[in-house]
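One structure is given below, encoded as structure tokens.
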């Protein structure tokens, strides 16, 4: 039976999970893959910490380069994270003829195209299933299962921190700040939660999804990103009243000659499968032109779910090594010479249904003023709801638009905001698959 | 660019979808796979029927053997169905060195092990992603994505006909017969619906899932199968009152040294993702010991979704042909020498929570008589609900049990049925993941 030697760079949460699976499931993997996947070395700054299960001390080194240069090692697993050392080590591994598996979405979203090209030139397999959606087979499904489909759209809940916070606001009508504090206390949010709550982590994953779905090189800066910190229990309440839930969605869609690419809080019908994805769980709806809607659901983060995705890459690469089929699958789902540049639709050009919520003085003529401005900009309303009555005091005014262009909506809102009968900033939430009320 | 020639046997619904995808998406497939997948021949008894899009008449033949023996053809797609001619043609294709893709779940469930062995001996890839769950990547996920997991359980809604009927009874409180008639009128059920409504089609798919999940040879007869024809709107109503939905589930679970393998109407909590799968849609929850619950959702049948799964197999095999890696993936997820025989737990040995509904005379002492018999057999009750009051007439009596052994429950029910205060047959529905009321 062929032996394949593996080196793990970085023994933090995910790396520890990978080490654990390789050590404890060697027999299961042997029975499935028909090869012996042997853990040869682990590089980490901290070689002494108890990882919760026995690891041979001799496997550890503080020198990651030693692992990358070890002539016996066939596959290098990069679970250090970040975009500096990790990148250098991956490039060094590729140049030394190692196959590579990484869970590093930030690196791939920013510099994936260059890394993938380098791997391809060197005849190296670069696996990254763990970079998007934890244990959900997002990469494999896009690249292999939907191979005969043109991808119509992908819509995903891809960040467990945001979903945990939004679920809590939804269930308990607490404030964003309170929900964030609790998520931090329970270990579902980092001390500095910016990457998660501002949607940046989700955008990283969306960039990778777009590359695979459309065979295009996408610049992270071209993705419109809006986080969840301005979501209030009031808007969640209104959403529910009209049959919606609010989720932070990553959305990409093919529209004519361009691609929509956006991350923002989104209203989706309560009976949509994505509406029932709560807490730290993730889900992705991939719509193919032959398959229609398909959905994957599962843990998008965490030690063992993410390690499970790394193992899936390791097994795939091991099978390629055994049959001399490295390079069998193009990294980005399309052959390198078929990668195109498809423009990303600027957010101003988006055509969508919108939920708009104002605070306006409850006085005759106010509604006609506001809807007049919207009408002047070509925005027609599906429905208008004034909540509560308070003569000459401000009350929430909720509007659902027909399809409208985002630029027009923004210009209209700026004008409306200037009215003295309107208080504070209006809230704007995009709607996917409107219920049509 | 390498050209790979494909022959399609059977141009019915799925076959037509495959032909359509091969003809209309040749360029997309070329850009992804890096090979030219060329449709070389189509065998069907009916070579004249309009399939709704242009097909070169010269591709058609009435002689399937001609396709299977054509030395130019690399991959044979079997979409004839049934277990006689289809089997002979697949064997003939294997013997002639053709790679094979089939959507034939009945054949694979009954004789898969022999066919897989024959393919393996001959160094042939045999793809069958389309046999379970239409476009959902059930086979790929079990075989490749969860490669590092021991599979704890699989629970699936795998038959669109049954799910359409149950959804209709749930939504409209109509009878099973009425729901079936409507499904037939709308093309969601066959004129003879036995295979679907009696759970047999679902059992075929479960047999394939079990083989892949556990690396075991399972006999179809060992799977416990109960259809949906006895489900009444009353039981669906009670299920809802207690926070459940009723779905026809295929269930397999590892329990000690055996495997639970069963298909039956099942109560699941209304907030379970599977509860929200309605109409013709399918879904599968796969629980791995590293991943936890993961779910796949999508169209489990239909021309284009099923054809999409066939295309995924064709692309995988094409990649193997291009890199000389045929046989890269063991057909049953485990290496042939690692296939074991794991016993299937007889249904009598099942330990589960149960919903039991009687019609009993509303008279003092009746409840104590019934619960006394249950108690004598070691069955304790979580809750008892008498619905309505009608002195000395029969009213529904609903009970939820704690964990109990099926054999004991059956013996007790037989005894209870004999009581003169109990009318008709009691209804027994197994519960998955009880709400714990």
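Keep in mind that glycine also has a Cβ here, set from the backbone N, Cα and C atoms.
In the shown protein chains, 25 other C-beta atoms lie within 10 A of the C-beta of residue A:10 (NADP(+) binding site). According to TrEMBL, the NADP(+) binding site annotation covers A:9, A:10, A:11, A:12, A:13, A:14, A:15, A:16.
Annotated NADPH binding site per TrEMBL: A:105, in sequence order. Other C-beta atoms found within 10 angstroms of the C-beta of residue A:105 (NADPH binding site) number 24, with every protein chain shown included.
Counting only residues at least six positions away in the same chain, the Cβ atoms of A:161, A:184, A:196 sit under 8 Å from the Cβ of residue A:190 (L-homoserine binding site). Per TrEMBL, L-homoserine binding site is recorded for A:190.
Residues or ranges marked as active site, proton donor by TrEMBL: A:205. Spatially close to residue A:205 (active site, proton donor) yet at least six residues away along the chain are A:105, A:109, A:131, A:132, A:133, A:156, A:158, A:159, A:250, judged by Cβ distances under 8 angstroms.
Per TrEMBL, domain 'ACT' is recorded for A:355-430. For the domain 'ACT' (A:355-430), the DSSP-based tally of helix, strand and coil residues reads 23 helix, 34 strand, 19 coil.
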Cβ atoms near residue A:14 (NADP(+) binding site) (within 10 Å, other residues, all chains): 28
Sorted by sequence, non-A:9, A:10, A:11, A:12, A:13, A:14, A:15, A:16 residues with Cβ within 8 Å of centre, NADP(+): A:8, A:17, A:18, A:19, A:44, A:79, A:80
Per-residue Cβ crowding (10 Å cut-off), top of binding-site residues A:13, A:16: A:16
Among A:12, A:15, the one of these binding-site residues whose Cβ has the fewest neighbouring Cβ atoms within 10 Å: A:12
Near-B candidates in A:10, A:13, A:14, A:16, the binding-site residues, by Cβ under 8 Å: none
Those residues of the chain, 6+ apart, with a Cβ under 8 Å from that of residue A:11 (NADP(+) binding site): A:19, A:42, A:43, A:44, A:46, A:51, A:60, A:79
Segment confidence, the domain 'ACT' (A:355-430), expressed as mean pLDDT: 93
